[in-house]
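Heads up: the structure comes next, in structure tokens.
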Amino acid sequence: MLDNSVGIRFRDVSPESFILSHRKGFVRAVRNAMNCKSKDVIIVSVQPSRDDDLLRARRNVDYLNERSKRYIHKDLDVLFTVRKSDDGFYSSDTIRKALNDNLEELEESTKLVVEEIIRLECNNKYCLYGSCQDHYVLDTSELEPVSTDVTSFVSPKHHQKLECLCNEGYGGDRCDTIVNECARNPCPVFKICIPDASQTGYSCQCPEGFAGPSCDVDISKCHDQNCYIARNPMSFHERVTAVQDHQ
């Protein structure tokens, strides 16, 4: 569910005010934008905006003065997701696009100003030899209780986290450490490098389901001897030697 969540930052509103006066309008706007039912709009977390580092990264500034920090803390971050009618959840990209296309209705329905629909862009240089992914994480040890005279809402606090998916052969938080020989790309492009304990430290293998010198034979389509793939072929000399030894 978190992988399909989207964060919205509303300007100058408290958690109590949002839950009491703006939540229904928010759910209604998302419902209309996504063409779904109100019950399928799931609010995961509501918390005051305190992510100074995230704001600094987005706006490319070196510092935030005290006035800016006070202003940020008056904003509110709402994390939510949308369930599909059949099964699963809509992707965060789908939700984000729908909201961007209906931003005016969202602000009109909530009576709030949308500071931003949060999207933490991974920097291409963040992961040296790998791909960068960002996702939300819930801190269940730190709850954010919201209580009013009419209703209450309790949710864990959330934050965004960057992670690197390293290429084969690399490791470390930023994929900047060589961990095996596959980092040197020793295999042809159509084969996969598998680290092992051999003298070379690796072996080149075809992707699962394929075979042949160029890994272009689909094993699942082999139904006769014309595409027979020998697992451990024996040479003619080896066969003769084996027969002589047997005699």
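Cβ atoms here come from the backbone N, Cα and C positions, even for glycine.
The cysteine that TrEMBL pairs with Cys204 in a disulfide, picked from Cys187, Cys215, Cys222, is Cys187. As annotated in TrEMBL, Cys215 shares a disulfide bond with Cys206, one of the listed residues Cys206, Cys227. Checking TrEMBL for coiled coil across the ranges 12-39, 40-67, 96-123 points to 96-123. A strand conformation is recorded for Cys204 (disulfide bond) in the three-state DSSP classification. Recorded residues Cys204 (disulfide bond) and Cys215 (disulfide bond) have their alpha carbons 11 Å apart, per Cα-Cα distance.
Counting every protein chain shown, 18 other Cβ atoms lie within 10 Å of the Cβ of Cys215 (disulfide bond).
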